[in-house]
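As given in TrEMBL:
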- 6-119: domain 'Tetrahydrofolate dehydrogenase/cyclohydrolase catalytic' (DOMAIN)
- 139-280: domain 'Tetrahydrofolate dehydrogenase/cyclohydrolase NAD(P)-binding' (DOMAIN)
- GLY165, ARG166, SER167, ILE231: NADP(+) binding site (BINDING)
Amino acid sequence: MAKQLLGKEVTAALNERIKADVAGLAEKGIQPRLGIIRVGERPDDVSYERGATKRCETLGVEYEKFLLPADVTQEELMATLEKVNNDDKIHGILIFRPLPKHLDEAAVIKALKPEKDVDGITDGSMVGVFAGTKQGFPPCTPQACMEILDHYGIDCKGKKAVVVGRSLVVGKPAAMMLLQRHATVTICHTRTVDMPSVVKEAELVIVAAGRAGVVDDRYLSPGQIVVDVGINVNEEGKLCGDVDYAKAEPVVEAITPVPGGVGSVTTSVLVGHVVEAAKRTLE
Ligand code: NAD
């Protein structure tokens, strides 16, 4: 039976580190604060926002919401962002996306200051991920994958790693972060030929394909560590990952469950980034 890599254990350890950092900042008279910009009332956004604000509250991080109507103009949105960008009391900014279609999302991302980009969406943050420098912040989801590996003492050095998925928000940054940890990385995607044999060869597999159960026992082999990023709703209305858990679990050495794996770590990573952004203002 595979070992379960549980998000809640990782989150508990991460939260302790964040609380200690918040206490350290308080001694220096700094109160970390997140600015949340939300356009409209999309249920997914509202639900993620609720999780993030609750996590802020338990960790002693303040937040301020900037709520705009779904029909907000580009000018009004840009003016709000400029205000939050220039507010020294706000260290990190979360902007919910996708924005409604009438808005120019690229212009919004371009205007966001990388040092406040705690969600890792700016080009500046991407440069940080690719160059391995402290510019901006990595996207929270691949960072959550790394937190899980680190927490469970999984050393990536020299390991053959496969990332399934090449999105800019998960697959590509995850691959770069594994490379930073000295893994030998292969990225699989929809055009990969004979994906089962490529994935089977890996010692470490991160799956972010956005398709329920796309990776099953045909892709897996004994001894593998599997991190499942996927969040899907199956035919029975239940949450499930991109890995077919029932088929994978008897084969591999360790695996993250869905729910209860990567997803449960991301909000703590986000709040941790706000605290890190506040710490960087001292440097
Ligand atoms: P995406 O759709 O932008 O990208 C999916 C990638 O997977 C693409 O590069 C595509 O080429 C590849 N792909 C799709 N089907 C494939 C297949 N059959 N074989 C090989 N490659 C395939 O998705 P995303 O934004 O990267 O998200 C991936 C998954 O992670 C989704 O299930 C999403 O819901 C989930 N997600 C979870 C969190 C979290 O906090 N856990 C956060 C963001 C996204």
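Cβ atoms here come from the backbone N, Cα and C positions, even for glycine.
Features per TrEMBL, on structure.
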residue : record               : Cβ contacts under 8 Å, 6 or more apart
GLY165  : NADP(+) binding site : GLY171, ILE187, CYS188, HIS189, VAL207, ALA208, ALA209, GLY210, VAL229, ASP242
ARG166  : NADP(+) binding site : LYS172, ALA175, ILE187, HIS189
SER167  : NADP(+) binding site : ALA208, GLY210
ILE231  : NADP(+) binding site : LEU239, GLY241, VAL258, PRO259, GLY263
On the 0 to 100 pLDDT scale, where does the domain 'Tetrahydrofolate dehydrogenase/cyclohydrolase NAD(P)-binding' (139-280) sit on average?
97
DSSP tally for the domain 'Tetrahydrofolate dehydrogenase/cyclohydrolase NAD(P)-binding' (139-280), helix/strand/coil in that order, comes to 53 helix, 26 strand, 63 coil
